[in-house]
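Undergrad: Residues annotated as domain 'EF-hand 1' in Swiss-Prot, with sequence analysis given as evidence: 18-46. Taken from Swiss-Prot, the feature Ca(2+) 1 binding site applies to 31, 33, 35, 42, supported by sequence analysis. Annotated domain 'EF-hand 2' per Swiss-Prot: 50-85, in sequence order. Per Swiss-Prot, Ca(2+) 2 binding site is recorded for 63, 65, 67, 69, 74, and the stated evidence type is sequence analysis. What Swiss-Prot records for 87-122 is domain 'EF-hand 3'. Sequence annotations record features per position, and here Swiss-Prot assigns Ca(2+) 3 binding site to 100, 102, 104, 106, 111 based on sequence analysis. Under the heading domain 'EF-hand 4', Swiss-Prot lists 128-163. The Ca(2+) 4 binding site annotation in Swiss-Prot covers 141, 143, 145, 147, 152 and rests on sequence analysis.
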């Protein structure tokens, strides 16, 4: 599969050629059926994602064309956001997209509830979770439109070091 060598280097600006080769090897190991793309099951074999309750959202974001699989180009572009050389804004945008499930540029009350539900499972009653969601929206929603924009999201989490935790070794 010569796919990884035909990628334009500007697309992978957070990785050098050596890292791309290593990622290519890793991708081929994960691609158990040699289809040239990772299914959800193949993607789930990544140790970094196995215990992550948001794995489906990560896959949805990596799967840029929405065909249900992650090809090598999508894999590189997705993982690139977690490079140590990735910038803070890109990492914050990725984190925002985890919550922005319908990709409309806003985190609605319902979206925040769904994502938090993925994280807490049944550890909280839905009424308790809804209270947390409502308080979070009230706190972050500076223009009082009932939803959280990317700028509002950044003003809340941008001062944290979350972007420093969004790193994978290649």
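Cβ coordinates come from backbone N, Cα and C, glycine included.
How buried are these features, and what lies next to them?
TA: DSSP assigns residue 33 (Ca(2+) 1 binding site) to coil in the three-state reduction, outside any helix or strand.
The residues of the domain 'EF-hand 2' (50-85), classed with DSSP into helix (H, G, I), strand (E, B) and coil, number 18 helix, 2 strand, 16 coil.
Long-range Cβ neighbours of residue 63 (Ca(2+) 2 binding site) (same chain, at least 6 residues apart, Cβ-Cβ under 8 Å): 69, 70, 74.
Same-chain residues lying 6 or more positions outside the domain 'EF-hand 3' (87-122) and placing a CB less than 8 Å from one of its CB atoms are 53-54, 56-58, 61, 81, 129-130, 132-134, 136-137, 146-150, 153-154, 157-158, 162-163, 166.
Around residue 104 (Ca(2+) 3 binding site), taking its Cβ as the centre, 10 other Cβ atoms fall within 10 Å, counting all chains. In three-state terms derived from DSSP, residue 104 (Ca(2+) 3 binding site) belongs to neither a helical nor a strand segment and is classed as coil.
Counting only same-chain residues 6+ beyond the ends of the domain 'EF-hand 4' (128-163), those with a CB under 8 A from a CB of the stretch are 88, 91-93, 95-96, 99, 105-109, 112-113, 116-117, 120.
Cβ neighbours within 10 Å of residue 147 (Ca(2+) 4 binding site), excluding its own Cβ and spanning all shown chains: 20.
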Undergrad: If you average per-residue pLDDT over the domain 'EF-hand 4' (128-163), what number do you get?
TA: 92
Undergrad: What does DSSP say about residue 147 (Ca(2+) 4 binding site): helix, strand or coil?
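TA: Reduced to three states, the DSSP call for residue 147 (Ca(2+) 4 binding site) is coil.
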Undergrad: Using C-alpha positions only, work out which of the binding-site residues 42, 145, 152 is nearest to residue 100 (Ca(2+) 3 binding site).
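TA: Result: the closest of the binding-site residues to residue 100 (Ca(2+) 3 binding site) is 152.
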Undergrad: Report the residues of the chain - excluding 63, 65, 67, 69, 74 - with C-beta within 8 Å of the mean position of the site's C-beta atoms, for the recorded Ca(2+) 2 site, in sequence order.
TA: 37, 62, 64, 66, 68, 70, 71
Undergrad: Between residue 111 (Ca(2+) 3 binding site) and residue 35 (Ca(2+) 1 binding site), how many Å separate their Cα atoms?
TA: 33
